[in-house]
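Positions annotated as disulfide bond by TrEMBL: C390-C404, C467-C479, C476-C515, C521-C526, C523-C558, C528-C543, C545-C550, C571-C580, C603-C608, C605-C651, C623-C626, C630-C639 (among others). According to TrEMBL, the feature domain 'Integrin beta subunit VWA' maps to 34-454. Summarising the annotation, TrEMBL assigns domain 'Integrin beta subunit tail' to 630-713. Per TrEMBL, signal peptide is recorded for 1-20.
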Amino acid sequence: MDMKVLLISVLLGFVSHVRSKSDTNICISANAKTCGECIQIEPQCAWCKDPGFKHSRCDDRDSLEKVGCTPLGIENPRGTVTIDKNKPVTNRKVDGGQNLRPDEITQIQPQKLTLNLRSGESQKFTLKFKRAEDYPIDLYFLMDLSDMQTNLENVKNLGTKLAREMQHITKDLRIGFGSFLEKPFNPVTPTYQKNPCFPNNCTAPFSYINVLNLTDDTALFTQEVSKQKTSGNLDSPKARFQAVMQAAVCTEVIGWRNVTRLLVFSTDAGFHFAGDGKLGGIVRPNDGKCHLENNMYTMSNYFDYPSISQLVDTLSDNNIQTIFAVTQQFRDLYQELSAQIPKSAVGTLSTSSSDVIKLIIDAYNSLSSEVILENSRLPEGVSISYISHCKNGVSEKGENGRKCSNISIGDEVMFDIEITAKGCPSKGKSQTLKIKPLGFSEEVEIVLNFICECECHKEGIPNSPECSDGNGTLECGACRCNEGRLGRFCECSRDEFLTDDPDANCRMDMGTDICSNNGECVCGMCECKKRDNPEERYSGKFCECDNFNCDRSNNRLCGGHGRCECRKCICDPNYTGSACDCSLDTSTCMASNKQICNGRGICVCGMCRCTDSKFQGPTCEICPTCPGVCTVHKDCVQCRAFGSGDKKDTCEKECTNFDLIMVKKKEELPPPNEQPYINHCKERDANDYWFFFTYATRNDNTVVVHVAEELEP
């Protein structure tokens, strides 16, 4: 038991020996030389510009005020959010609502903000998105004309029916039509395909033709599509990506408005992508630009097919939502492609034009029911996070915080956005960030201004006499040294140092911190920082020592029994240990018989460590497994004191190993604290009466027994 007590004591001591790591003040330890450097350390760091200020100028506001910096002398710029344009989202109903131009409809609010960002200090704002009622739609039908006669017939009858069926979604629908086949110079069989349907006649192959610009004239749509003929192709995959690319980037030719843009792509085959052109000797990467002359793509034999990633970026940049209307055979292929293209959907073609209309409407509803926010590229050192607040109280963070699903027309959702800068991004130059919902033309413009300097920076005095006779600019109360000058007051010249690194003499070893991060290198010598507590000090050539970072015991430095020198305890006499918590005084281990630990152990740090495993207790006096002293001596005490008991006939032979002293009452027995150590006993005799005695061992190992004459029933 005594070992367990000792272990607990040691563990408690170990816990209390935690090294006193001074509350590291990041503002001070960063050793900022200017106000601008200070405010970039952490948001809580402020700068004192008072002239003649003796303490560290960079610290938290409360600490600066405590050591005498005036409130007006503290530079502590904070970030801000300013809403520059805040047009409310459009709130109207289709029936009875006023007619609005597309540019008069607002679905996201606010539209422009300015953020002043200080390093490490987040700025937050909220965006509102609302799906507008009766929002205009531009729908461009891009069709594969190779052997798709049935689907072509369906599309011919599509215009009027589609406009009628979409009346409940929008009254402002424009539709256009384009078609594609394959590069005339076939990449698999490199020959010019004048008549791929030979011996029958059909349209000569082409990559892409814009047949009809976007228009609200459904009769014209029917008329122009009716003129189209199907054609053939020597290989199954088509120039689909080239057609989609041109339809997306030729904004003025196609007639795209800044409204909902839908591209319905219909085919019964796969597709070519970047690299396939090499089979026909075409190796130039697709440039992603518009190359339509007389509505026909003219560079099919000059540029390779676009890559998938190129197509994804182009569709996103142009706010185009894609609907792949494909045959069942190729549904899985386009499903995989759709997974890589945000705001795209896949539907299966059938033989009925009504089914095509249903496919388009279902796909549109699916696409428009989800809003996904994306942002332009962030400047280095700037981060952004989103929290969405969607329908039915659903909120998400992380990547899911960018989107809300199951949004109906007229629904409002909110996004909390947090932007943080670290350091001074873009060298302090303003940057513009844009956030927009995928597939929508509206966007939020956010101007980012970076707080890299304090206001007092503008009031600097160049070549100030305060800075070693004009060798620096007096700025915010401190000297900003001219090129080639060093020191707190620019009193040193870089030419005085033998190395290119003037701080080399202030490092203990290569790779270590300047002045152990506890001081400032001034002209090649360490000046150690001062502590708020004047009793605490850094010292040493490299400020590597201090008198407050030693081990502690009972929350006292060096246990209160020593002094801290260079992070090591120097203990007072009679104390040892890393925290001076181990006493060499043995008086606390002295037993009542004047023996150390009753002769059954050793004294360690003022506590008995019992070497005989049977014993325990503060002085190894307890033996839980030993027979009781009282029980062992009961019969001999009874026979000698009262002439009774089991040993009354053999008493003189067996019971002569102790001195007997009789007293009248039990109250007259020696008290427990009297020396030597005494066992107090209470036993029953043969007549069932209690008798009382004490048993003690003297220093000379003789035993004395005191017995009370009075018995108790």
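Keep in mind that glycine also has a Cβ here, set from the backbone N, Cα and C atoms.
All TrEMBL annotations are machine predictions without curation.
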If you run through the domain 'Integrin beta subunit tail' (630-713) with DSSP, how many residues end up as helix, strand and coil?
20 helix, 27 strand, 37 coil
Within 10 Å of C521 (disulfide bond), Cα to Cα, which of the disulfide-bonded residues C467, C476, C528 are there?
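So far as Cα distances go, the disulfide-bonded residues lying within 10 Å of C521 (disulfide bond) are C528.
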C-alpha of C639 (disulfide bond) to C-alpha of C651 (disulfide bond): distance in Å?
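C639 (disulfide bond) and C651 (disulfide bond) have their Cα atoms 6 Å apart.
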Measure the Cβ-based neighbour count of C476 (disulfide bond), defined as the other Cβ atoms within 10 Å of its Cβ.
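Here the count is 26.
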Within 10 Å of C550 (disulfide bond) (Cα-Cα), which of the disulfide-bonded residues C390, C404, C476, C523, C603, C623?
none
Given C571 (disulfide bond) and C515 (disulfide bond), what distance in Å do their CA atoms have, once rounded to a whole number?
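It is 28 Å, counting Cα to Cα.
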For C467 (disulfide bond), which residues of its chain lie six or more apart in sequence with Cβ-Cβ distance below 8 Å?
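Sequence-distant Cβ neighbours: T473, L474, C479, R480, C481, F489, C490.
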Here are the disulfide-bonded residues: C515, C523, C571, C639. Which has the lowest count of other Cβ atoms within 10 Å?
C523
Neighbour count, 10 Å Cβ-Cβ cut-off, for C526 (disulfide bond): what number do you get?
25
Among the disulfide-bonded residues C479, C603, point out the residue whose Cβ has the most other Cβ atoms within 10 Å, with all shown protein chains included in the count.
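When each Cβ's neighbours within 10 Å are tallied, C479 tops the list.
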For the domain 'Integrin beta subunit tail' (630-713), what's the mean pLDDT in this predicted model?
86
Just to be sure I understand the packing, how many Cβ atoms besides its own are within 10 Å of the Cβ of C580 (disulfide bond)?
26
Suppose we draw a 10 Å sphere around the Cβ of C623 (disulfide bond). How many other Cβ atoms does it contain, all chains included?
16
From the disulfide-bonded residues C390, C476, C580, C608, pick the residue whose C-alpha lies nearest to the C-alpha of C545 (disulfide bond).
C580
